[in-house]
Every structure is written in C-alpha cells, then in structure tokens.
Amino acid sequence: NFNNTSFIDYARVWIPDSEEVWRSAELTKDYKQGDTVLHLQLEDGTDLEHKLDPKTKNLPHLRNPDILVGENDLTALSYLHEPAVLHNLKVRFIDSKLIYTYCGIVLVAINPYETLPIYGTDIINAYSGQNMGDMDPHIFAVAEEAYKQMARDERNQSIIVSGESGAGKTVSAKYAMRYFATVSGSASEANVEEKVLASNPIMEAIGNAKTTRNDNSSRFGKYIEIGFDKKYHIIGANMRTYLLEKSRVVFQADEERNYHVFYQLCASSHVPEFKALKLGSADVFHYTKQGRNPVIDGVDDAKEMSTTRNAFTLLGINESYQMGLFQVLAAILHLGNVDVKDRDADSSIIPPNNSHLMVFCELMGVAYQDMSHWLCHKKLKTAAETYIKPIPKLQAINARDALAKHIYAKLFNWIVDHVNKALHSTVKQHSFIGVLDIYGFETFEINSFEQFCINYANEKLQQQFNMHVFKLEQEEYMKEQIPWTLIDFYDNQPCINLIEAKMGVLDLLDEECKMPKGSDDSWAQKLYNTHLKTCSLFEKPRMSNKAFIIQHFADKVEYQCEGFLEKNKDTVNEEQIHVLKASKFDLLVELFRDEEKATSPTGVAPATGGRTRLSVKPDKGKPDKSSKEHKKTVGLQFRNSLQLLMETLNATTPHYVRCIKPNDYKYAFTFDPKRAVQQLRACGVLETIRISAAGFPSRWTYQEFFSRYRVLMKQKDVLPDKKMTCKNVLEKLVQDPDKYQFGKTKIFFRAGQVAYLEKLRADKLRAACIRIQKTIRCWLARKKYLRMKHAAITIQRYVRGYQARCLATFLRRTRAATIIQKYQRMYVARSSYRRKQAAALAMQCILRAFMARQLYRALLREHKAIIIQKMVRGWLARQWYKRSLAAVVYLQCCMRRMRAKRELKKLKIEARSVEHYKKLNIGMENKIMQLQRKIDDQNKDNRSLTERLSGLEVTHAAESERLRRELSRLRCAEEDAKNSNNRVITLQEELERLRAELQNTQKEKKAIEEWAQKYQDEMEQVGAGETLKDQNNLLKNEKNDLNRLIQEQGQQWTEKMQRALKEETAQLETDLNEERSRYQNLLSEHLRLEEKYDDLKEEISLTVNVPKPGHRRTDSTHSSNESEYTYNSEFAESEEGSRGVEDVTKASLDMALFLKLQKRVTELEQEKQGLQNELDRREEQFQRARARKARSAELEYESLKRQELESENKKLKHNLNEMRQSLMSNAGAVSAAPGSPAYKVLLDQLNSSNEELEVRKEEVLILRSQLVSQKEAMQHKETMTEPLHYVEDVQKLGDAKEISQAYMGLKDTNRSPLPDMRKMNEDGELWLVYEGLKETNRLLESQLQAQRRSHESELEALRGELQSVKEENNRQQQLLAQNLQLPPEARIEASLQHEITRLTNENLVNPTEDPKAYRISVLRRMIDLMEQLEKQDKTVRKLKKQLKVFAKKINDLEGGQIENVSPGQMADEPIRPVSIPRREKDFQGMLEYKKEDELKLVKNLILELKPRGVAVNLIPGLPAYILFMCLRHADYINDDQKVRSLLTSTINSIKKILKKRGDDFETVSFWLANTCRFLHCLKQYSGDEQFMKYNSPKQNEHCLSNFDLAEYRQVLSDLAIQIYQQLIKCMENILQPMIVSGMLEHETIQGVSGVKPTGLRKRTSSIADEGTYTLDSIIRQLNSFHSIMCQHGTDPELIKQVVKQQFYIVGAVTLNNLLLRKDMCSWSKGMQIRYNVSQLEEWLRDKNLMVCGAKETLEPLIQAAQLLQVKKKTDEDAEAICSMCNALTTAQIVKVLNLYTPVNAFEERVSVTFIRTIQNRLRDRKESPQLLLDTKIIYPVTFPFNPSSLALETIQIPGSLNLAFLTRV
C-alpha cells in the first residue's frame, strides 16, 4: 500500500471484478484514515461504494498515469502490480496491435491468431546489430541479444520459450532459428541453416497434432542447440526431445487429431509409390477417426506431405529410407484396425485371414501366425518353467495399442537421431545457442501422468528463472553500490522436493511399479500416508480416494491416480518384440537393434530425454548391469533428462520468451482478461514484477532525470554538476529518503514515486499552461474589446450623421409637398369646372347633329341599298375568277420550280466535276513545267557528272549514248505533255461554257429565291414565320452545342493522349532503370564471385607452396571480358609469390587437402565461366532485341507509309467509280455526256493517273530499300577499323627491298665491335652505303610526293561524289519527313511530284536499263576506291615512320664515322645532315614506354599511388590522362598486343587496389573519378561523330587512328559501375552508425522532447554524450564526402547520383527505425525530424544540389514527421492525412498511428476508430504490403559523357610519380 495522500478526489484505482478481473474507477471523495468504504465512480458513470477488507485494511491498487500506459517494458510502469500489467498488455495488443512486450528480462508474446508482416528479411536486417532497448520488443531483438552476447561474452546462450498449447511457442522458436540462420549464415558450402530450418516440418509432422486449443500443438518438448564456429557462422545443430505423448497414437478426444504424418499419408494414398501401403481415407482407420474431425481448415495434408518429403531429402534421408518410414507408419494404422474377439471370459482370438493384420505383417515382414498368436497370448516366467497364457479381449487390445505406441516411439527416436546426424558438423563447435520449445504449465479437468511430468518440468524451469532474475537484480544493485537488502521471493524448492526427493511422488511411484501386485490405489494410499500430514503443499481431495492435489507455483492441480503406474511402466509384450526383431524388413530390425527386453515392466520410454545416443546401450559382457539400466521407468528417465537440461541451461545465459494465449476461440486480436491473468501467473511474469516492485523498480540516469524534471527546478537549483542538482531537487520534492537511492550512474525509485513525480511535473506544466492561457485570453479579450469600442464609436458617428441628414431631407420635402399640394388642388378644381362646361356644350351639339343625321341616313339607306347589291354581286364574280387564275399560275410555278431544281442539280454536278478536273489539269501543268525545269537542271548535272566520271570508266561513253536516247525519249514525253496542255486548254474552254450556263442558272435561282422570299413574307403575315424562326434558332443552338461538344471531346482526347504519352514515357523510364539495376546487380554478383575466386586462389597458393614462375599465359587473341578479368599483374603476383616462398615452411603437403581445394577451384572456375557465358548471352540477347526493335520501328514506319498510300489510292478509286456512276446515270443531261470529248479526256487522265500511282507506289518501296542499303553501306564504310596489310603495299613499291636490305646491313654493322667497323671501312664501303641510302631516301620521297598528289586529286573527286550522295540521301529523308507531316490529300500529291522528279533524275543520270543495279555498282566502286585510298594513306604513314627510324640510325652512324674519318677527308668531303622533307611537329600528347616498363607503370601509377599523399596536388584525373596518352602511343604505332596488355593491366590493377583498400572512401572515390575520366577519354578521342563535336580541332587531331576500343569502353563502364557500388557500400558503412543517433535520438532542438521513464531494457539516451553522433556529425560527414569527390574531379552528374543515394540511405534508415520504435513516435519527435530534414535541405542548397533528386528520397520521412504532428481526430483530418501521405504505404501510415505515443499528459492517443477510418480510405491503394524500406537498394548509375577541355600536349608529369621512363612524343 502507498501513503494515503495518493487517495484523494479524482485519483484512479483498480478494483477486482468477476468478469474483467480488474476494473478502473475514480474516487469521488477523499479517503481518510479509518474509512471502511471508498466512494468510487466507474468509467461508465456508475457510482459504487467499495468496502475495504476489515482485517487487512488494504487499499486498492492505484492506476498509472496515462502517459505511462502502453510502454514497451512493463518495468517502466510506476505502479507495478497485476492490474497495471494486464492493462498495459491489453492496450498494446488491442489498440496498438503490438504483440510483443518486455517484462524485465522476459519477452511476453501474445498470439495474434493472424499473420503479421513483421517477420520479413527487412525486419531481420533492421534488428541486426541493434541494442535490445533501442528497438521495439520483438523475438528478433531477443535473438539478436543472444547472438551478440555469445560473441561478446564468449558464453553459450539459451532461449527458453514456454506457454500454453496454442500460445505460439513453436512459431516463436521457428522465428528465432530463422533469425540465426539469416544473420549468421553458413561457413561451409552446404547450407546448414537451410537444414536446420528443414528439420521443423519433419518434427511438426511426427510430433505435432491438432488439439482443442491449437491446430498445430507440439506434443513433445525439444531443445535445439545451434552450433557456431569461431567466426560465429552456423556449422550444425543438435536436438533433444522430451516426453512424447504416445497415448495420442492410439486415442484422440473429440475435435482432436492424431499426429499430422498419419493424415498426410492418407491424403497422399493416391500417389503411385504409396499404392503398396494400401491406405485409404483417414475415416477408415481407427487410430485417425476417433476425434471425428480429420481435416484442419486451410491445411492441405497432401501438400504438407510433399513438404515433409522434401525436408527428408534435404537432410540426406534417401527415398528408400523414406519409403521404409512410411511403410512403418502405414503398418501402425493397419494394426489399429485389427479386430480382437472373445473366445471365452479369459481368452481372446483374432479371426483367421484378418485383412488388416495380413497387411500389417506384409508391410513389417513378419509371420502372420506368430503375430496373431502373441497378440492374444503372453508368456509368464517362473523360477522353474515358463507358461504361455491366453489373455482376455481387453488386455489383448491394450497389448495391441501398447505395441503401436512402442513402434511409433522407436520410429520417432530413429528420425530424431538421423536428423541430428544430418545436422552434425565435422568442424569443431566453438559455441552454441539453445532454443527450448517446451510445454507450459497445464491444468485440465482430468489431469494424469503427462500433466504431472509437464508441471514438474515447469517447476524446475521456474526455479531457474527466479534465481536468474534475483541474480540480475542483485548484480544491478551491487554495480550501482546501492545497499542490498534481501528480497523475499517465492522459492518452489519445497514443491520440487515433494516430487523428486527421496520418498517423493516419483520415488514412491517407481517403488510401486516394482511391486508384483502394485496398483494405482495402493500408490495413492502410500502418498496419503507419507505426505498428507508432513507437507503443506500436498492435499487430498474431499470426495476422492484416487486423486491428490499439489500446490504448484502457479496454481493448485488435482491429479487422478488412475493410469499412473501403467504409463510409468510402459509395458510391451516381449514376444511381440521378438517377432518384430525376426522381421525381414531391415529398417524395422534397425529400430529394435538396441533393445533386449522390451516386455519388462519398465520398458524404454518414448521420450528419454531425446537422442538415441543419450540412452545407455546394453553391454553383452555384463547382462545384469544392462538389464538393470534397461529397466528405468518413464518418470526416472524424464527426471534424468530434465536434470541434464537444467545443467545445460545453468551453464548458459538464458533469455526468456513467455507466450500468452489471448482467448480460447482463436479470434484475431481478441483479449480475454481471465485467460491472460491465468497464464501471466503461471509463466512467472507477475513474479518478475513482484521481485522488481519489492526493491527500487524505477531507475533513471542523472541526465535523463535532469532532462525530464528540469521544469520542477528553479534557476538557482541548477548546478554545473548534474548529479548534485538531482540530489538537491529530490530532497525537496520527496520528503521520505527511503523512497529513492542514489547510485553511481542512476537514481533508484520505489514503486509509485515516478508517478508522483509525473504528477508534480504535470501539475507544474498545467499551472504554466493555465498562466499562459490566462495571459493570452486576457490579451485576446482586451484586443477584442478595443476593436468593438472603436467599431461602436465609428458606427455611432455614421448613424448620427445619417439620421441628421435624413431629418433635413424630411423637412425640405414636407415644405415642398405643401406648396405642390396647394397649386395642384387649385389646378384640379379649375380643370374640372372647364371640362364640365365644355362637355355640356358638346353633348348638346352632338345630340342635335345626331338626330339630323339619323333622319338623313334613313332616307339615303333605301337609295344606296340597291346600288350596293349591284356592285357586290359583280365583285363576287370577279373574285372567283381571280382566285381560279392564281391557283393555276401557282401550280405552273411549282412545276417549273421542280424542273429548275433538277436542272440546277445537274449543272452543279457538272460544274463540280469540271472544276476538279481543272484543278488536276492545273496541277499536271505545274508538274510538267517543274519537270521541264528539273530536266534542264539535270541536263547540266548530267554533263558535269559525265565529265567527272569519264576518267574513271571507259564504258561511260556508251552509257552517255544511252542517256541521250533516253533524253530524246523524254523530249517525246515533253511533246506529249504539250498535247496534254492543249487538252487542258480545251477543258478550260469547256469550263468557261459551263460557267456561263452556271451564271444563267444562278440568275434563275435568284429569281426563284426572290419569289420564295416574297412567298415567305406572305406566310409570315399569316403567322407561320415565327415558328420557322424558332425552329431555325433551335437548330442553330443545337449546331453550336454540337460544335462545342466536339471541341471539348477533341480537347479531352488530346489531353488523354498526352497523359497516356507521359505515362508510357514514365513506364519506359522505369523499365530502363529496372534493366540497368538488374544489369548492375549482375555485375556486383560477378564481382563477388570473382573476389571469392581470387581468395580461394590465394589460399591455394599459400597452402600449396609450389611456385610456377613464368608459367602464366595470356591469350592475346581473346578480347572478351573474361580475358581482361582473369588477367593479373605479373609483377605484383611474382612479388607475392616470392614472399610466399620465403614465408611458407618446407613441411610436407597434405595432398588430400590440396586435391580437394584444386577441385573446388576448378568448380568455381566453371561456375564463373558459366556466369560469364550467361552474362554474354544476356548482352547478346539485349543487343539483338535492341536491333530488332530498331528494325521493327523502321518496318513499322514503312508499313505505315504503305498503308497510307494504299488507303489514299483506294479513296481515289472509290471517288472515280462514284463519278462514273453519276455521269452514267445523268446521260444526256449536258454536253459532258459519255462520248463527248471533255468526258473522254477527263476519263483518260484519271486512268493514267491511277496507273501512274500504282507505279509510283512500287518505286517508293524500291527507293526506301535503296536508301536503307545505302545508309548501311555508308555506316559500314565509316566504322571500318580493319588493319591494313602493310606488307603487300610495301612489296608493291620498287625500292622497298633495297631499303630493307640497306637497313639490315646497317644493323649488322652497328652490332659489330669498333675494330671490325674500322676494318670494314677501309675501302670506304660504309660511306658508299650511306650515300646510296640517301639517294634511295630522296627517290622514295619524290615517289611518295607524286603518289600523294595523285591520291589527293582522286580523293577530292570521290569526296565530291560522296558529298552529293549524302546530300541526296539527306534530301530524300527530309522529303519523307515533310510528307508525313502533310494532310492526306497534299501528301499524295507531294509524293507523286517527288517520285516524278526522282525518276527523271535517275533517267537522266542512269543510261542503263536497270537503274537499281547501276546505282549499286556505282556505290560499290566508290566504296572500293575509298578503301584503296585509306590503304594508301596508311601505307604512306607507315613508310614515313620507317624513314624516321632510318634517319635516326643514320644520324647515329654519322656520329660514329666522324670520329673515324681523318681531318683531311673531312675537309675535302664535308658531311651534310640528312634532310627530312616533313618538319617535326611539337608534342603530340602521347607518352612512349617500353614493353618491359608496363608493370612499373602500373605499379607506380595505380598500385602504389596514395590519394592522400601524392595525388592530392595533381590535376584531377591525371592518372587517367597518363594512361590514355600511353594508350594513344600504342595505337599510334599500331601495336595491338601493347594496347590489349596495357588496358588489361590497368583494369586488373584498379580491381586489385580496390580489393586491398576497398574500405577507404578516398581510394574508392579517387579511382571512380579516374576510371570515369579514362572512359570519357576513350569516348572523346574515339573518332565517333557524336563525341568529336565537343572537341577542339586540336583534340580531333589526337583521336585514335587504328583501333576501335568500343568493347573496352563497355568493360570500363562495367568496372566503373562496380567501383560506384563499392563506393556506396563504403559510404553506407560510414554513415550507418550515425543516422539513427543523429536523425532520431539526438535532440537538435533542446527541450522540445522530454525523456519518458524506461524499464530494465535501457534505450540509447537521446542526450548527446561524448562519442554520440549528432546531426552535425552527419552534415560534417556529407561535407567530407562531397569535398573528397570534388577534389578528385568526379563528374558533377555522378556526384549528384552519389548524393541522391546518400540521402536515400539516411531517409530509409531513419524511417525504418521510426517504424520499429514506439518511443520515437511522438509530436515532439516529428518536429525534431522536420528540423533535421530542413538542415539537410539547406546543405543541398549550399552545394547547389537541389535538382539531383535527393530531396525527393526524403519525402517518405518528411510525410511520416508530418503525420506525427497533424491533428488526428475527425474525418476531415483522415482525408487530409490520406492526401498528404502519398509517399507512405498504408501499412506504414497505420503503423505510425498505432505507435503514436504521447510524451506529455496534454497529448492524446490516436483512437482505434480513427485508424480504421484511415484503413478504409486507403483500402483501394495498390501498393506493396512491405512495411520497411529496402536500405540495400542502389539506384542504377549512369555515366553521362563529360568531355575534357584540357589539351593533352599541355600535361606535365610530376616527378613525384616516379615515371621518368615515360618519353613525350
């Protein structure tokens, strides 16, 4: 209990509840000392009076503050008790969907009954290498801790997984093993980790079964030791098993199953190899149908059988052994179906020919009679004789079941033994990690021998667990120098003594088993007599004499004595075993080989502690001893194996995983508090809490305490020493000094003190918030009041002014109204009087006149009536006549109008046709005129071309004659064109006539329209016009709407096509990047294999001390990548070999090891060769696909053009047919009827145009094919790099032999010693030779000059012709491109005109009958001439080089002769120097070296060059420039062997230096920059047009002249990719330790985030200590990377790609850790992350790298930080989150929301409803379900061409490089 001051109004407590175990309530009234009742209010608002226990007066448990709820570690809770633990687990499990929680050293795992995406390889990589407290609780964190402690402490480890059936023990153990297999890997070639994991399906098949609580319940315990070598790689494993539940083989309860393997066999009975087992459905066999539920939902037994068989095969158990195992299992099933019937009361019999027994005997290879006999009989032995006694039916059935159980147990042990053999390693085991998957504490309604053994094992494990927890607590207190007081904890040693001590339960059980007439009842009585009065833990049930109760550490358990003796004895009939031993089935004999007497009352148990090798084998020489050892009972063997297990665990460092089953119905994420509390009590979690709570459970470092509770301190309390500050503050805050203790590095608090401090902190913050709110509200209210006052005064001013103005207006209007009324009334009265007077006079006058008129009218009416009748009758007769006449005229008009319309229609048709043909004729006239002009132009070109080609071919004269004849023929065509022009004139005259008729028709039409307008006006008068107008307007509106709709649809289609184009482009870019990524991954894999091969080669060279100097060979003719990769620097290898010879002793070699290694090397070489071939094949496929794609695009273009021409042709034909039909239908209407001259001319022209179109279409296809072939030929000619045969050209020259002979003579002369030279020169022979050589040189030079002039003239002529061909080709391509852009009508006309022009040119130039063949022959001749010209040029260059050599030799010779000639001779014949016509140029940007200096060059320039030393002051990329200049000289002298050797040595040396110093960022960056520069130089000076356009004229002169190094460019590109990947890995290794600390843990903005209480698992402190990385550390490292790359001259585009990769790693690692750390998901941490990201963006701006794509890689992290900060309550917030977080996946968003944790009491948790709303809104997203980002992704790198402006001739070589042997050329 805590002090009463905590129980005040609004304090929250936990009270017991029958349904929920514990319920939360709130005090409504303060508690006072002596009160017996607490006044509470439940969470649902119900008031409750809670009565206190009158004896103990214990107050209820206090509830933790909400800020502490949901912690990763239960020991971080301030109040440590059962309701707090239960509530914390429930909140994490239900609300946050977190299944793992720490409880001190224990990991509590709650089974979610749902597959969660938290066990992938990405999660494993995230936990690898992390501290246990830094990440959220996970089974991988426990496994990593065990692995790390094994490596750090050199001590074996154990992971103890326990829990109820169905709690997830097996799955947790599997995930721990998978973690070890993934993290450590295998040290040998065989994948041991795969074998370790493959043992799981085998053990699950033979040891797991479905129970009412679990579909895959392990019915045995197992302890797997995973062995590691000194490098901590997995080398093997070993398994021990405990207490197999044999009874399940013969009996299953309702809704349960037998072991899985039986159902897998039955489900696979249709497989051909299983036909002989004669199996059927599982419902057929007695041993598989008792549970009446043979199927598990979602499990395919046949598929599981396939998995089991594959696992057997992987573990080395071959098919024959597998079939033997399945044969034994099938026999057990058939044995269960053997029927036993009563013969009489004391005997039984098996009916003859029992089918199942016959199958059993057939499968087991035993005699039917023997087995049927001994199933119903037993043998009794006495001292004198032996009796065979029949047994009744019940005993016979029991004997049959016992035999089945015994066979299965033997089979189980055999499989375990062979699995261990398969997992056994020949390498010595250095350490191991054990994984114990064992049953938890069990209590059922009926508990028997199995539950007794299980609970006994749990008692032992709990004792070990308590001692370990106690030991850790003691160590912590001692380390911090806290006074240690013994804590009273539960010790279950008395319970263990009750079970295993002398005269204990097991001892009495074994003793009763030895008694001849021992029974369960007598054993129970012995238990009562021995322990009932002496042991408080042993009780007897009130209503039973066959049961007993033991008080275990978890609960009381009542055990039923029935069956204890039988299960402890495990009796099997000895004769049955003998029958099985006599079997012909080898596997069965092997199973029973180690057994002598199986029928003894104490037969071997099925779970003897595991492996066969642990059981004691009988010794034939000592039968008494072996018999005694063989008679161990099950209980005794289990006790011994348990003792061995405890010894193993005590020798290791244990790690505990407690699995909790949340409910009994297997509902996903459903929490039953009752069941959870039972298991928490049973598994020791609450005991851990109790031990922690008894001392000082809450522990803070001084820095964390200061950071958290700084708000409770005053400024004067803060001292420089944080420790003294904390002490002074605590003494003021907490008055009782017993509530805390000060350690060396931590402050220890009693339970509840952290909650008290949190309350003080919350009160202080709340008071501060109230003060801030008060001040802000006052300020807001005053601002509002002042605004209201000012507004009121302004409104009053305007209102009063308005009112005054209104009053003045009213007064003025009133006065004006009075005046107006006065005058108005006067006017009205006067007007009324006058009107009345005038009316009276008018009425009198009118009345008098009316009376007179009436009289007059009466007189006239009679007179006029007669006249009117006469006139009306005449008028009616005239009207009838007019109407009749008008109707007749109207009918005539209608008829004439109808005929006129018909006539008009005919005229329109004729006019339209004539105009169309006129247009065609006009087009033809224009074409003919253009043709004439083209003919004139081509005549000129033809004459000039004929003059140029006359010197090359004599046959041109005949061709010219043919061209003249062709020209005459074309002139005839011109006359025909003139005739056509005459026809056009005729057609124009006809057109004029038709126009005149059209004008007449238009006049008539105008008259008709006028009449119609007049008629329309009349109709409008009648009223019909309005309706027509309305209809017309309506139609116009509809037309406008349709036009607008068409425009909108067109715009929509345009936008849609643009979007589709963008999407297609983006998809193509994505595919390209994926292809690049795959290719670069292949390169990295190739590099890894290459390094592995080199390592093995070095190991062999060190192991086998047999040096082979000078035996290396390089295939000079092989130019593939393989030769370049496998070529090594001979110089470096010879040095290493010599050192190896000196170091390795001359001991005898292990030839077996040598042969094995040699074989392995051969295999690796083959594997490497296969990978290289595969890579080459992939590259060829890629090249072919690219070529095919280009060709297909060209064919698509041609087919598209052809289709357009065909469609246009069909359209013209269709129009022609329609015109013919219309003309035929209207025959005789006009003068253009069929047969008329105009009609015939028109028809003839249309037919000729149609035929010409067909011809032009064929010619277009021929032209395209010629263009393509011509283009390919030109490309071929331009890219030819074949070496010329200089020898043939030299032999063609006349004086070449003489030159060579003279040169050889000079060489021999120079080789001879000096006295010989004098002797030879006695007669002046040497001088004569020298003079002859000079004359020869002059002659040769003149010949070369003449030949050169002739070649230049020919070259000029050919260049002109080639230029004209190129222009023609370009013009053709431009015309084709222009035609494609024209509309269809214009495209046809332009195509026809272009084709006519082209054919005319061909006819003029080409006099042969076959134009195509002629053009091809001309092109071939031109290509041949160009080839000859190139050969001649190269011959000239070679001869000039020889002349240089000769001149040098002559100069040397002259120097020697001057010394030998006498002075007189010198005076008479002065020696003139040899004059060389060609003046020597300046430095050409080449470096010459000797072949033997190549290794020295590579060594000094690559292998021994230090980037930090010499290279720091060099020109960026200087090594690349030097290597290229050396390469240029090798190309200049045309030495292919030297080029190949230099390039290969360079590549291999770069690889070697990177392999040696690949972890040094500067070295890797330096050689990445130089490799790229070397690659750019190869491109820049390759001579390709695409690269030469960036060069200066001088640089273009330095291009390579003899060799095409495109293949080596690809090799260098691959090497650059490998270096880039190595650079990224090196950079990642440097950045990785900084990222989490700098981006997440370090408080960049101090004071924003407070430190929450932590538990036993201490996380990394967020306070920056010494050695802790900060954001500044990351930025400094980024600056270092950037400056190094810039210093080395790395390409700017490449730097951008590196920076993008850097930022991706930073963002991905930070986000992954954020997703796995609940303590980091808070509002304040979101602010910290956004600030850190802004600092990184600022760094990008400073470096001008904002456009490199690096910022976009941080977008997921930015959105995650925003998600932590945004409001998370309403639907609008959910909509905003969904639209904002588009770079995060749904799983990541939900994970962040689930992990969101308030740091202060003012923050709120995210509700479950809100998270579900987010999930529903994001349900339609199509994305990867992966939670974490892949930090191993490397973006595909590209190397854009970056030419250098540096001139090669200006480069100077520093002396520090030691390259004096290089000569400038």
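Any Cβ shown, glycine's included, is placed from N, Cα and C.
Range 1422-1449 is the one annotated as coiled coil, of 190-217, 554-581, 1422-1449, 1450-1477 (source: TrEMBL). Across the coiled coil (897-1099), the model assigns an average pLDDT of 78.
Counting other Cβ atoms within 10 Å of each Cβ, the lowest count among the binding-site residues Ser165, Thr170 belongs to Ser165. When the binding-site residues Gly163, Gly166, Gly168 are scored by other C-beta atoms within 10 Å, Gly163 scores highest. Residues in the region 'Actin-binding' (642-664) partition by DSSP class (helix H, G, I; strand E, B; coil) as 9 helix, 8 strand, 6 coil. Other residues of the same chain near the ATP site, with their Cβ within 8 Å of the Cβ centroid of Gly163, Glu164, Ser165, Gly166, Ala167, Gly168, Lys169, Thr170, are Asn111, Asn214, Ser217, Gly440, Cys659, Lys661. Over all protein chains present, the Cβ of Ala167 (ATP binding site) has 24 other Cβ atoms lying within 10 Å. For Lys169 (ATP binding site), the Cβ neighbour count at a 10 Å cut-off comes to 27, with all displayed protein chains included.
For the domain 'Myosin N-terminal SH3-like' (8-60), the DSSP counts in helix, strand and coil order read 0 helix, 24 strand, 29 coil. In the shown protein chains, 25 other C-beta atoms lie within 10 A of the C-beta of Glu164 (ATP binding site).
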